[in-house]
Amino acid sequence: MIEIALAAAALLFFVGLALILLRRSLVFWLLGAELLFNAALLVALAGGARWHAISGQVLALFIMALSGAALAPSLALLLRVRRELGTLNVDGLRLLREREKQDD
Amino acid sequence: MVISSTLWAPIAVAIAALLAFFFDLHPRLGRLAPYWGVLGSLGATALVLHGRLDLGQGFYWDSSATILGTYLGLASAVLFLLLARHPLLQRMPGAFTGLCLSVLLGALLLVGSDELIGLFIGLELQVLPFFALFVWPGSSSRALEAAMKYALLAALASALFALGIALIYLGNGDLALNPPLGPINGTFAARLGFILLLAALGFELAVAPFHAWVADIYAGAPTPAVLYLGAVGKVAIMGVLINLAGVSGTWLLPYLALAVLSMVIGNLLAWRTSSFRRLLGYSAVAHAGYFFAALAAGPLGLIIATFYAVVYGLMHMGIFGPLLSLPEGTDEIPWRHLRQQAPLAAGLLAVSLLSLAGMPPTLGFFVKLGVLVADIHAQVWGLAIVLILGSALSFAYYLPSLWRHPHEQRSLALWQPAILRLYAAAGMLLLGLGWLLFPLFLGQ
Amino acid sequence: MIFLGFFLLVVLAALLLGVLLLRDAMYGVVAVAAALGILAILFYLLGAPFLAAMEILLYLGAILVLFLFTLMLIGPEARAAAARQSWRSGWPLGALLLLAFALALAALLWQQQPITTAIHALGPALLGRALFGPNLWWSEAVAVLLFVVIGAVLVLHAGEKDHD
Amino acid sequence: MTEWLFLIPGFPLLGALINALFGERLGPRWCGRLAATMPLLSSLVVLAIWLGPGAEPALLDRLWTWMAVGDFRVDLTLRVDDVTLVMISIASFVGFLIHLFSQQYLRGDYGERRYYFYLNLFVAGMLILTMANNLLLLYLGWETVGLCSYALISHWYREPENAWAGRKAFVVTRIGDTTLLLGIFLLFAQYHTLSISTLLPLVTAQPAPALLLAASILILIGAYAKSAQFPFHIWLPDSMAGPSTVSALIHAATMVTAGVYLCIRLLGLFAAVPGMLEAIAVLGAWTAFFAASCGLAQVDVKRVLAYSTISQLGYMFMGVGIGAPSLGLFHLLVHACFKALLFMASGAIILIYADDHDIRHMGGLKYRQPFLRWTFLAGVFALAAVPLISAAFYSKDAIINASFLVAGGGVPYALGLSGAVLTAGYAFRLYFLVFEGKPSELEGPYQMGWGMKIPLALLAAASIGIGWLQFPPGWPGPHLWVHWLAPELGLPPRPIGLEGGLLTLVGALATFLGIALGYWAARRERAGRGLSRWRFLASGWWIDGTILRLFPAPFYALGRLLRGGVENLGVQGLAQGGLRDGLRLSAYALARGENGLASRYAVSMIAGLLLLLLLIWSWPL
C-alpha cells in the first residue's frame, strides 16, 4: 500500500510540475503547486504508515494548513494581477526582465 | 507550564507581531508601530542571548544560531528605526511592522529550530509576508509583477520543501534535524528529500540555478521590502543551510556544484547587466555562491559561513539603506545628486559596493578571504580558483558602477532623514573598520 | 486491498491527465477536486482517517472553493480568453526536462528495496495528543502564520483599492 | 671624516629631491641656483678629504645593510681611495662648473627645472657609482647615470631627432648594462660576494678561468657600451642632440669615463684572465685611431668633439690595457678638463651662430670673441697634445710611449701614434675653421656673462697646467701623480734615457704633423673640397649605418612577428579576446534566460533539481 501511495505521490508530483512548466494560465500554476503539496501529504502519510508513528500525520496536517495559508495571498495577488495588469498569462508578466543592452 | 527559555525569543516576537497589526486601528497609534517593532526586535535579541545554549524542545541556540539570532534581532531593530518615517510606511504602518516581525519570527525559527516542521513553518512565516510587502499599497505595477512572480515561484519552492521534509521523514522516521541514527541524508528517500530541501532553500537564497527570480524582484519591489528580504530573510536561510550542512554527513558535492554555478552565473550576469538594481540581484547570486563555497569546506567552512551570513546581511543593509533615499524605480545611481544632498549615504553606498567586491580592508574582503582560506584548508582547489576568478570579474562591474554617471539633468528630491545619516555613518564605520571586532568573536 | 490501490491509482492518473489537458480552469479545478477525493481514500487506506476527513474538509471544502471563487471573480470572458491557448510558449523544453527528470528518478528508484510494512490506523485522539503535546508550539506558530496571512491579504486588498 | 662620506652623493640627491618636490614653487632661476649649489657643497667635502686625511688608507663608510638574503648581502658601503678621489673630484668639481655655466646658457629654455633635476640626479648617480664598494650599488649608480643621460639627450624632446637620439643612446647602453649585470651575477654565483674589496683578492686566490673569462667579457662589454668604445660607440655622436653642457658633463667629463673607471677598479679581475689586458689595449688603440679618423671629416662642431671623445677614451683604455692604469687615470683627469672646456665653448659658439652647428659656415670668430678664442685654443692645444704647454702631452703621449715598451705593444703603439697625428689634425682643423679666416656674416651679437667665463677660464688653466703634475721620466720637475697612485695601481712602464727622449720627440713630431694636416684640411674645407666629402670618413666608416641596418631590423621583424602572431593572435585574440568574447557570449546566453518569464525560471529551478538528483549517484549508499 505504501508503494502505491508513493506511486500516487510521484504521479501527483509530475503532473504538478507539468502544470507549472507547461501550462499558460496562472490558475493552473497554483493548482499545480497544490498538487505538489498533496504529493507531500501522501509521502508524509506513507512515512507515518511505514514507521507506525503519528508524527507523519502531524506533518501532513501542518503541510495542509500551510499550503492553504500560502494559497490565500497568492490568489489575492492573482486577482490583482488580472485587474491591474490585465492578464492571467504566465508569459504576460514581462515588465521585469533583462533588457537588451543598447550600447553593445 | 514551564516554557523553555529557548522559546522565549520567538514567543516574544510572535506576540509583538500579532499586536503590531492593531496599531493600524488609529493613525496616531500607527506612527508608533515601527518603534514597537524596534522594541520587539531588541527584546528578541535579548531573549536569544538569554536562552543561549539552554536545552529546549525543538529549539536550541547554539553558537552560530546565537550569532545569527542576535544579528537578526539587531538588524531588524535598526531597519525599523530607519524605516519609521519612510513614505511607504505612511499607509498601514502597523501591518508593515506586523509582517516584518513575522518575517523575523520565521527567521528565528529557521535559525534556531531543531526540527524540520519548525523549519517549514519558519520558511512559510518569512515567505508569505513578502507577498504583501513586495506590493505595498502605493507601489507600481512593476512591484505587483514582482510580488506575483515571487508568489508563484515561492509556492513551487515551498511545495518542494514540504515534499523534501516528507521524504526525509519517510526515510529516517524522524523529523529531527539531527536524527538519532546517522546523518540527515543517510537513506535514499532522505537523500531525495535533502536535495529537495537544498533546492527550496537555494531558491530562497537565490543560488543558481534557482536564482532567476532575484533580479526581477530586486528591480521591481519597493526598497524597504528588499532591504528586509536581504538583511533578515536571506541571512536566516543561510542559517538553515549552515545547520543542514552541519548534519548532512560528508556529502559536499551539491554544495560544490551549486557554489560553482552561482559564482559563475551570478558574476557573469552582473557583469553584463546595465541596471543597477538588477546588478545587485545578480551580485546576490554570486554571493550566495561564495557562501556555498564556504559550506563546501567542512567544519571550518561552517564557522566562516556564519560570519559570511552576518557580513552579507550587513553589506545588503549597506547597499539598500542608501537606496531608500532615491525614488522608487530608480535603476541608476544619481551619484551627483546623492553626493550633494546625502554625502554620507553616497559614502555608505560606495563602501558597501567595495565591500561586496571584496576590497580590503572592508568586511567583505575579510569574509571572502575566510572562505578562500577554508576552501584551501579543505583542499577544494577548484572552488578556490573559481572564487578568485569570480571575485576578479566582480571588480569589473562593481567599480564601474561607482563612476557610471547617468544623465541627470533635473533636480531630484531625495529622502534623507537624520536617521539615515546616522545609519550611513555607522554603516561606513562598521563595514570599513568592522574587522577590528574580529578578536571579539574569535575569542569565543 | 492491492487491487483497490491499483484501481485508485489508475483513476487518479486519469483525473490528473484530465487536469493537465483540460483547457478551462473551471473544469481543471473540478478534476482536481475529484482527484483529491481519491487521495482522501488513499489517506484512509494509509491509516490516517482524520487526515482523510481533513482532506475533504480543508482541501475540497476550503482550498478548491477558494479557487472557484477566484475563477468567478475573474469572470467568464477572461477565463475563456485564458482557455483559448493552454500551453505556454516554449513548453517542449519543459516537457523534455520533465521527461529527463522522470527517467533519472526512475533509474534511481529501480535500485531501491521495496518498503513492506503492515499498516495500523492511528486515530484522531492520538493526533490531537501529538498536536497539543510535543508539537504545541508549532501549532501556535501556525496559528500566528494564519493570522499574518489574514493581515497580508488585507494589505493586498488595501493596495488594490488604491488603484481603482 | 668617514662618516661624512655620504654627504658627497647626498647633496646632489637632496637637490634633485627638493627640485622634484618643490621646484614648482622655486621657479626656474632658483631651481638652477639650488642645483648649482649642491655639487659645490659636494666638492667642498671632497676638498676637505684632500686637505684632511687624504684617502690613504681607503676611507670606508658603511651606511646600512641594503638587503641580506642568505649569503646574498648588499651593504651600502661607500669607499674612497685615491683613484676614487680623483673621480669624485672630477665629478663634483667639473659638475659644479657645468652647473654654473648652465645658469646663463640654458636661461629661458623650456624644462629648466627638469634639466636641473636630472643634472643633479646625474651627479649623485655618478658619485654613487664611483664611491660604491659594492657591485650592486655600483650598478645602481650606473643605471642612474644611464637614465639621466637618456633624459638629458632628449632634453629638447619636442624635436623627433633628439628623442630618437636619446632612445638610441639608451638602447645601446642598455645592452651594456644588461651584460654588466649578467657579469655581476656570474661573479656572485662563483664567489658569493658583491663587495669589490673582498671580491678581488678572492679572484686571484681561487681563479675559475672559464667563468672569469665570461664574466670579464660581459663586464667589458658593459664598460665599452658606457664608454662608447668600438663598436658600441654609435650612440655618442648622436647624443650631441642634447644641450652642450650635457655633452660636456656627461658625454665627455664623467659618465663615459665610467667604463674606464670600472676597468681600473676591476683591474684585478681582468688581469686574472690571460690575454684580456692585451685585447683591451689593442681595442683601445684601435678605437682611438678609428674615431680620430672619423673626427677629421665631421662638419658638425659637436660631432667632431664627440668622435674626439671616443678617441680619447680609447687612449684611456689603452693605458689600462698596457698596464699603465695610473696614466690612463691621469689622461682621464686631463681629458675631463679640456673636453668639458671644449664642449662648453662649442655650446657658446653654437649660440653665437644662432644654433648652426656646421663649421663650414663659421670663421673668423677670434676677432669678435677673443676670450672664447683663447680658452678654446687652450682646449685645442690640450687635445692635440702640443708639447710642453698642454696637459695631454704629459698624459696621452706618456701612454703611447709606455705602450712601446710593453711586450706586444707594437700594434697599439702604431695605432696610437697615427691616432695622435689625426687627433692634432681634426683639433686644429676645427680651430682654423671656426676662429681663423675671414669673419662669417652669420654670427650674431652674443655676450658671455661671468657665469660662463669663469668655468671656461678655470678649465682652460687646468687644460694647460694640470699636466705639470707629472713630467716625463728623467725630466726635471714634479713627478707627483704616478708615485702617488703607485700603492694602488702600481708603476707604469716608463721609457727613460735616449729611448725616452726619442719617443717624446716622435710624439711631438706627430703632433706638429697633425697640425699641418689640420691646416691643410681646413683650407681644403673652405675651398669646398674638404674631407667631409669623403662619405667613408664622414659617416664613421659606415659602421653606424651598418649596425643600424644589421641589428635592429631582425629585432623589428621579430617584434612584428611577436605582435602579429603571439600578441594579436595569441594573447589578444585567443586569450584576452577569446576570454572576453567567451564571457560576453555566455553572459549573453545567461541573460537571455533572464527574460522575465516565470515559467522559464521554474524550468531552470527544475533543471537544478535534476542536477542535484544526478549528483545522488555520485554518493552511493
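Heads up, the Cβ atoms here are built off N, Cα and C, so glycines get one too.
Now, the feature entries from TrEMBL:
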type	residues	note
TRANSMEM	D:34-52	transmembrane segment
DOMAIN	D:66-116	domain 'NADH-Ubiquinone oxidoreductase (complex I) chain 5 N-terminal'
TRANSMEM	D:83-103	transmembrane segment
TRANSMEM	D:115-132	transmembrane segment
DOMAIN	D:132-407	domain 'NADH:quinone oxidoreductase/Mrp antiporter transmembrane'
TRANSMEM	D:138-157	transmembrane segment
TRANSMEM	D:169-188	transmembrane segment
TRANSMEM	D:208-225	transmembrane segment
TRANSMEM	D:279-297	transmembrane segment
TRANSMEM	D:304-324	transmembrane segment
TRANSMEM	D:374-393	transmembrane segment
TRANSMEM	D:454-471	transmembrane segment
TRANSMEM	D:501-522	transmembrane segment
TRANSMEM	D:601-619	transmembrane segment
Original post:
Counting only residues 6+ away from its ends, which parts of the chain sit with a Cβ under 8 Å from the transmembrane segment (D:115-132)?
Top reply: 5, 8-13, 15-16, 19-20, 23, 31-32, 34-35, 38-39, 42, 77-80, 84, 87-88, 91-92, 95, 98-99, 102, 106, 109, 138, 140-145, 147-149, 151-152, 155, 196, 243, 246, 249-250, 254-255, 258, 261
Subject >> Beyond the flanks of the transmembrane segment (D:169-188) by at least 6 residues, Cβ under 8 Å >> reply: 72, 135-136, 139, 142-143, 146, 149-150, 153, 194, 199, 211, 214-219, 221-226, 232, 234-236, 238-239, 269
Original post:
Are there three or more C-beta pairs under 8 angstroms joining the transmembrane segment (D:83-103) and the transmembrane segment (D:454-471), sequence spacing 6 or more?
Top reply: yes
Original post:
Have the transmembrane segment (D:501-522) and the transmembrane segment (D:601-619) got at least three CB pairs under 8 Å, pairs 6 or more apart in sequence?
Top reply: no
**OP:** Looking only at the domain 'NADH-Ubiquinone oxidoreductase (complex I) chain 5 N-terminal' (D:66-116), report the model's average pLDDT.
**Re:** 83
Original post:
Which residue counts does DSSP yield for the domain 'NADH-Ubiquinone oxidoreductase (complex I) chain 5 N-terminal' (D:66-116) in the helix, strand and coil classes, in that order?
Top reply: 29 helix, 13 strand, 9 coil
